[in-house]
Amino acid sequence: MNAKFSAKCVALIAAGAMSMSLAACSGGSMDDSSSSNGSAANSDTITLGSVTTNSGTAAAYGEAEVAGFKLAVDEINAKGGINGKKVKLESMDDKGDATEASNAFNKLAGDNSVLGVVGPTISSTTAAVAPLADQSKLPAIAPAATSDSIETGGYMFRTCFKDSYQGEIAAKFAAETLKVKKVAVLYGTGDPYSSGVGKAFAAAAKKAGLDVVAEENSSSADDTEYSSQLQKIQAAGAEFLYAPYYYSVAGPYIIPQARSVGYKGYVMGPDGYDGLKMTDDKSLYNKVLYTTHYSPDDTSNAKVQDFIKSYKKANKNADPNTFTALGYDSVYMMKQAIEKAGKNATRESVRNAIAGMSFEGVTGNFTLDKKGSPKKSVIVLELKDGKPQYKTTIQPSK
Amino acid sequence: MKKSMLSTKQSYLVCAIGVVALFGILMGVCESGLVNAYIKGIMMTCCIAIIMTTSLNLTIGVLGQLTLGCCGFEAIGAYSAALMSKLLVANGVAMDPTLRFLLTTLVGGVVACVFGVLVGIPALRLHGDYLAIITLGFGEIIRVIIQNLKVAGGMGLDKGAAGQALIGIDRLANLYVVFWITVVTVVLLFMFARSRYGRAVKAIRDDEIAANASGINITYMKVLVFAISAFFAGIAGGIFAQYIGSLNPAMAGWLQSINYVIMVVFGGMGSLTGSIVSAIGLTILPELLRAFSSYRMLVYSVALVLIMIFRPQGIFGNWEFSLTKVINKIFYPVKVREHGKPKQDGADGKSEKAVKSGKSAKEADKTAGKATKTKEAQA
């Protein structure tokens, strides 16, 4: 065969194939809305999908959520299911990775019997799944993804309050319950959680008429040395310090260092204080408060004790944690929505039922706002000799 | 002798036909609705993994330098492409989506390439473990910088918020276009590896002092390879951004990079076809193992350990799959043996073999295709 001729052939075929691929762009597009109008009306089971982080660094969160899902599904089935149909849980792991979460969600979206999804676990995977939920019209409720940026206003909802909301609630608590005047805030600028909550607190505190005497920050949320910032805060005469950090930093570093520069006022944090790591001197941790989703000592909510009782019964006396409670509530939200959508529930009708729903659960009573985040009551815990004690429940401002 | 075997040009033709046939199959299953978004998503992930792994193999396998910063470049490419796309929309530039996708992906590649040069010049003075640590540090630096950039969080640009995941990126990635980008990437990498430059790079890998003594500019070559590798990592990032639709600074972390290093080692260092097979294999494997639910990561790890025990050189070693060779073997069995023997001139056998296998430039795509086919069969 003539070499020139072969070369021309190759060029021609390649050019042809490429132009073909451009012309046929629509076919290769990742949209796949054709298979999305699934209805589970004909089968006698309802399938709920779950995408959670069961391996990797955040595995403990995902495992706790799945325990909550399972408990709720078992309870629902024991009471006759939803609209007379048994509920089946299709559980998927995402390793805490956005690509894996998308694959898992797509797999569920391709299965027409799946009416709704609970999950994903963490904010970064939820951010990846949110546009997919809108695209495949499959409603999803994330139990504990608190980041502000996952809101789409479409098919993505959540059970937990969002980060900035915690900051607002803390400002309200400082102004109305503690009745302090001079407040300070310290946060890590590099961390979405820390900076998001901290900035929201500062804005809300100013609005509530509090005097923000110091607004300090660290470059990341895992620094270990905060003395210079804390000295400024102490010098400014703050009575209340809001320090949104994780349990592994606030416990061993921020609080002891604050006490050692002579600061005696309140220290408050968000739900990242859950499981605070403490140094030996527990007296340093008095006047430390934090907001959270759920407390086993919450006496104002009757559902909490029932939930703890049935969880202990099903799990060899183990204690449920916040993620279990949020997961449990997420499944019940799905149940309420599917019941409202009726016997011929479709993904779209379930979505419409979730949007704006009012719900009473273990983690509080709430109504979902337009963007799918709840305005809900927040629990405040106070440490007494290193043990978290239920302090109060703050209702959302109307 | 030559007459009865496939000539180089003919073998190109065979490979081109192979790639087109593969594309035909891909189009066939997509158009006929045989595959759903899940399978398409996995195919897309495979393409991204192929680009990342083959380009990383250029640095690790062909140049012989261990780097752990490939995801830093991927993240740079991803963020550049995403922000470029947002910038175009914000300025009201009306553009065909495919054109916008190609343009922004290219921008991602170029920006990553520039960073590759900037990092490469100081870093490549070091070897081995030291280089690995420098590149590891680079990935972390990128992660922290992105985390603190206001334009690269939230909705991006002027509506951005530092530290948040970047969301609302238009999901323009199209499987057909990405397929061809992958093909072009692999072809270019093959052509580079078998070119004059490629041979020089392999000489550096095998004996740096000897290569220097024969007049090869070592620093230039190393930076060149590093930059090419970074460019394609940036391209992969651009595709990833416009496929997933949201980006997180954590993607630049070293753990992600390790994943791709595993793929390279698994497939065989220096073998681009091996990289393709392992990229596809290791992307699909966790999905296939979904049935094992909580044991799936265990099975995955055991599979990796077993491969490393029984085939420490990786699945392909430094052997390349070649469609031409297969055809020659089938149709001209005797000739091949004659043809293969006298070529060993006693030079460094390892690099010689690798250079020869470079002949199979486009065969790689064919293999890529094979695996995609298997994938589809599983669907």
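Glycine is no exception: its Cβ is also placed from the backbone N, Cα and C atoms.
Remember, predicted model here, so these are calculated numbers, not experimental data.
According to TrEMBL, the protein has these features:
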- B:339-379: region 'Disordered' (REGION)
- B:12-35: transmembrane segment (TRANSMEM)
- B:41-64: transmembrane segment (TRANSMEM)
- B:76-95: transmembrane segment (TRANSMEM)
- B:101-121: transmembrane segment (TRANSMEM)
- B:128-146: transmembrane segment (TRANSMEM)
- B:173-193: transmembrane segment (TRANSMEM)
- B:223-245: transmembrane segment (TRANSMEM)
- B:257-285: transmembrane segment (TRANSMEM)
- B:297-316: transmembrane segment (TRANSMEM)
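The transmembrane segment (B:41-64) makes no contact with the transmembrane segment (B:297-316): fewer than 3 of their CB pairs lie within 8 A, with pairs spaced 6 or more apart in sequence. At the 8 Å Cβ cutoff, the transmembrane segment (B:257-285) and the transmembrane segment (B:173-193) share at least 3 close pairs (sequence separation 6 or more) and count as touching. Contact between the transmembrane segment (B:173-193) and the transmembrane segment (B:297-316) does not hold: fewer than three of their C-beta pairs are under 8 Å, each pair 6 or more apart in sequence.
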